[in-house]
Amino acid sequence: MNQSSLLAEFGEPITRVENALQALREGRGVLLLDDEDRENEGDIIYSVEHLTNAQMALMIRECSGIVCLCLTDEQANQLELPPMVVDNNSANQTAFTVTIEAKVGVTTGVSAADRVTTIKTAANPTAKPTDLARPGHVFPLRARKGGVLARRGHTEGTVDLMQMAGLQSAGVLCEVTNPDGTMAKAPEIVAFGKMHNMPVLTIEDMVMYRTEFDLKLA
């Protein structure tokens, strides 16, 4: 079955986006699938301002463990986060910066609580580069300007969702994995969403929504 058939029970594309935005406003997570001909993988996404230790623990337990903080260009520049590598030749051009850790309020930086502290420190509107140590256990990602209309990636989808929901622009994502360590595809993502009461939507849904309502985001 393709994504459209699998996601039909979550409503039409516009409904799926609106349900996801409401869930984020309520402090719940959502599951975002990218295109079937891209990765066809699903990420858990949470807003930074509502992020809890329990939510972080779920991401560490059920996902790849590579917890990423999605930032706008402006936020990444404010923190003076350089690219992880000078020459990014990864297949999907994922814009990793150097990894980070909060300088205050953490121990080893690995625990759920420590990662939440690092993320909230970095996403604070008044954050300074000196608030963070490098390297660390949180992986910032720099979203491309134009969001999903410019790049159909989970990074851009995360930042777009936060802005569309009227929340702080920064969001957190982690790729969902199966119990055997393989990557969760659409059927497993749908089952995961039902189990954890998380709306499921796609990058394509977001592109349609932004185009339909002519949404201009930062």
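Glycine residues also receive a Cβ, built from the backbone N, Cα and C atoms like all the rest.
Here Swiss-Prot flags R38, E39, D43, R151, R152, G153, H154, T155, E175 as D-ribulose 5-phosphate binding site. Within the same chain, residues at least six positions away from D43 (D-ribulose 5-phosphate binding site) with a Cβ under 8 Å of its Cβ are L31, L32, C63, H154, T158, L173, C174, E175, V176.
According to Swiss-Prot, the Mg(2+) 2 binding site annotation covers E39, H154. E39 (Mg(2+) 2 binding site) has a Cβ environment of 17 other Cβ atoms inside 10 Å.
In the three-state DSSP reading, E39 (Mg(2+) 2 binding site) counts as coil. The annotation Mg(2+) 1 binding site is assigned in Swiss-Prot to E39.
In this structure, H137 (site 'Essential for catalytic activity') is part of a beta strand by DSSP. Swiss-Prot lists H137 (among others) with the feature site 'Essential for catalytic activity'.
If you draw a 10 Å sphere around the CB of E175 (D-ribulose 5-phosphate binding site), it holds 19 other CB atoms from the protein chains shown. For the recorded site, E175 (D-ribulose 5-phosphate binding site), the DSSP three-state label reads strand. Taken from Swiss-Prot, the feature site 'Essential for catalytic activity' applies to E175 (among others).
Cβ-based crowding with a 10 Å cutoff singles out H154 as the top-ranked of the recorded positions H137, R152, H154.
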